[in-house]
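Here the structure is laid out as structure tokens; the discussion comes afterwards.
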Amino acid sequence: MSAFIVLGAQWGDEGKGKMTDYLAENADVVVRFQGGNNAGHTVVVGEKEYKLHLIPSGILYNDKLNVIGNGVVLDPKALFEEINYLESLGVEITPDRLIISDRAHVIMPYHRVLDGIKERARGNKDIGTTGKGIGPSYTDKMERSGIRVCDLIHKEVFEENLKETLEVKNKIITEVFGGEALDYNEIYNEYLGYAEKLRPFVKDISVIVNKKIKDGKEVLFEGAQGTLLDIDYGTYPYVTSSSTIAGGVCIGAGVGPTAITNAVGIAKAYTTRVGKGPFPTELLDSTGDWVREKGHEFGVTTGRARRCGWLDLVILKTSARISGLTSFAVTKIDTLAGLDTLKVCTGYRLNGEIIDYVPASLEDLAKCEPIYEEFEGWDDSIANARCYEDLPENAIKYLKKIEDFTETKVSIVSVGPKRDQTMMISEI
């Protein structure tokens with residue numbers, strides 16, 4: 001393969017960072033194609049733990065080109081904080097190792113302010129935003145009033161755009177929401193400083209990435225969030241503001257669909273989600289608490305406790321269909337060791353009918369009753385398993401059920417957070 005995608009097959013937090021890090025060993029280029037610093041990836045290398053939000057996971061290798069695509073919304077302050085954090089851990093970051101699309105949109109201070117104000121105004125109908133300005137930045141992109149990286153690094157263009165945009169945003173902040181106006185000079189001077197620091201990293205990434213593919217280089221596209229958080233196919237409105245599925249790669253990195261050869265869906269061996277929204281297999285009992293504690297299910301970006309539930313194969317089948325997944329990588333199967341009985345959802349009962357897809361209507365999904373198939377658990381810790389044959393028989397049966405139901409093979413299994421706790425079962 002020369003170009004493949006790694007994306008979340010559930011509600012995010014599936015272990016994409018670890019899987020990208022694992023697969024990046026054989027890649028030449030790693031590309032982030034959507035989202036912003038609302039994403040959180042944890043990668044463990046040896047005894048060191050790295051927490052990434054914006055920068056692609058390939059940065060932990062010395063010989064990879066890392067790309068932030070045009071589909072990403074870029075917070076310069078967050079970017080340079082992350083660069084400083086990584087450099088403090090000994091990771092070198094230079095324009096030879098990291099490039100940023102000139103077409104990426106920039107998150108501005110008013111985006112963060114509006115994100116918080118609007119969320120508070122929703123009251124008990126809040127959607128669980130991270131408050132980092134992601135949604136408002138994508139809104140400006142679609143309204144054609146956003147500021148792109150290429151605008152930011154051209155002083156005159158930035159000055160004019162900021163004046164026009166800030167005038168409108170301040171009216172909304174003060175007159176609609178009763179907030180305090182933002183100071184033009186303060187923002188202008190702060191972002192001019194970012195512009196100079198960004199300039200060496202800024203490129204037309206579509207040209208570079210397509211040339212790498214044409215030259216036969218291995219290109220890995222790294223997704224953020226997950227399929228059920230996609231702006232179109234997720235549990236709307238409890239979704240993110242970008243396209244998290246395979247189709248998002250084409251618009252978020254400037255490559256054609258025929259360039260993509262494989263798509264790997266990352267899925268936990270159980271299901272989690274953060275924030276509000278329907279969750280058919282949610283466990284609201286001691287088993288859910290046990291899984292949360294054993295799996296350390298707390299958000300990298302927000303610190304929020306994740307809701308936990310049984311594995312939902314309807315969701316995985318939907319993800320495989322929407323993104324044309326060629327295989328799954330299953331993570332955290334080690335977390336389930338110790339449970340006597342495991343359940344997997346193989347369908348929903350909705351208004352007396354059995355369905356095997358995720359309905360678009362939030363109201364319908366909330367009514368869905370999960371139909372379960374039970375499996376015997378396993379007592380053995382499998383953290384030391386290094387090949388498929390090391391896994392308990394019941395764990396293998398569990399993985400086989402995923403393959404049979406979704407009609408998609410499981411190519412990778414993870415039994416812990418470290419690189420060497422990963423086994424490749426088949427080619428992806």
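Using N, Cα and C of the backbone, Cβ positions are placed for all residues, glycine too.
The Cβ neighbour count for Asp13 (active site, proton acceptor), using a 10 Å radius over every protein chain in view, is 28. According to Swiss-Prot, the active site, proton acceptor annotation covers Asp13.
Annotated active site, proton donor per Swiss-Prot: His41, in sequence order. For His41 (active site, proton donor), the Cβ neighbour count at a 10 Å cut-off comes to 25, with all displayed protein chains included.
Under the heading GTP binding site, Swiss-Prot lists 12-18, 40-42, Arg306, 332-334, 414-416, citing sequence analysis as support. According to its DSSP assignment, Arg306 (substrate binding site) is coil.
In three-state terms derived from DSSP, Asp13 (active site, proton acceptor) belongs to neither a helical nor a strand segment and is classed as coil. For Asp13, Gly40, the entry in Swiss-Prot reads Mg(2+) binding site, with the evidence type sequence analysis.
DSSP assigns Gly40 (Mg(2+) binding site) to coil in the three-state reduction, outside any helix or strand. The IMP binding site annotation in Swiss-Prot covers Asp13, Glu14, Gly15, Lys16, Asn38, Ala39, Gly40, His41, Thr130, Arg144, Gln225, Thr240, Arg304, and the record cites sequence analysis as its basis.
Per Swiss-Prot, the feature substrate binding site maps to Val300, Thr301, Thr302, Gly303, Arg304, Ala305, Arg306; the stated evidence is sequence analysis.
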Distance [Cα-Cα, Å, rounded] between Arg306 (substrate binding site) and His41 (active site, proton donor): 15
Among Thr130, Gln225, the one of these binding-site residues whose Cβ has the fewest neighbouring Cβ atoms within 10 Å: Thr130
Candidates Gly12, Gly15, Lys18, Thr130, Val415 (binding-site residues) with Cα within 10 Å of Val300 (substrate binding site): none
Residue among the binding-site residues Gly12, Gly15, Gly40, Gly303 whose Cβ has the most other Cβ atoms within 10 Å: Gly12
Residue among binding-site residues Lys18, Arg304, Arg306 with least C-beta crowding, 10 angstrom cut-off: Arg304
Packing count at Ile333 (GTP binding site) (other Cβ atoms within 10 Å of its Cβ): 24
Rounded to the nearest Å - Cα separation of Gly40 (Mg(2+) binding site) and Asp13 (active site, proton acceptor): 8
